[in-house]
Amino acid sequence: MIFLFTGFIGSAYEIPSDSMSPTVIQGDYLWCNKLAYGTVVRGDIFQSFLKLIFHPSRIYFRNPELNYSRVFCTSQIRRSDIVIFKSPERNDESMVKRIVGLPGETVEMRRGMVYINSTLVKPILGEAADTCDLTAIQIPYRGMTIHLNKTSLQKFRQVMEVYEGFHISLLQDTSKIACTYTFRQDYYFALGDNRPNSRDSRSWGFVPEDYIIGRAEAVLFSTAKLNRVLRLIQ
């Protein structure tokens, strides 16, 4: 029962740094709602088992190409959601960041200010500013097709190889080189609220949809401050 609860419904996560300060701080223990976006289920056998005991309508999203499903979803991933996800840098760790850019949008940063589709995103109250610049880039989405060339490979090669399993090699026979590539899942652009002290999408790129574990909704308690108990996160 404990496994089912923590695997499908939610669990507590300790915050190891101040990258999301002042929203959440080092020492906070957050409640992660895994039902919010649906629990990721991998493997054909397990997915077939779920279909036997649950109505197909409860399977919110299925990606047969990457062999995973999300079940029991109650909402979509939205801008400004604070999410917990598997670290793109170390698979045995989790990260918590705020979603800033959604699949298909173009994100850009000018002197620390975020622009989505050329429109300035209003800063979060208490958010620490920096002077980071980021050249405009489109966030990949499932079904997005790009032409393979030097420019697109500079932008998306890491995503294609690390998250999509599409390995690129240079061939002498150019007739065998694929001219286009279609992404197989959605991606997100995530930032820490404490921008000067956060490693986030500016450092390691986009967050793949299947890395997202759930939505951080409340501070359960904190070892840093005794008054941080059962606080909703915004």
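Glycine is no exception: its Cβ is also placed from the backbone N, Cα and C atoms.
What TrEMBL lists as domain 'Peptidase S26' is 2-220. Summarising the annotation, TrEMBL assigns active site to Ser19, Lys97.
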Number of other Cβ atoms within 10 Å of the Cβ of Ser19 (active site) across all protein chains: 23
Ser19 (active site) and Lys97 (active site), Cα-Cα, nearest whole angstrom: 8
Neighbour tally for Lys97 (active site), based on other Cβ positions within 10 Å of its Cβ: 24
Arithmetic mean of per-residue pLDDT over the domain 'Peptidase S26' (2-220): 85
Coarse DSSP state, helix versus strand versus coil, of Ser19 (active site): coil
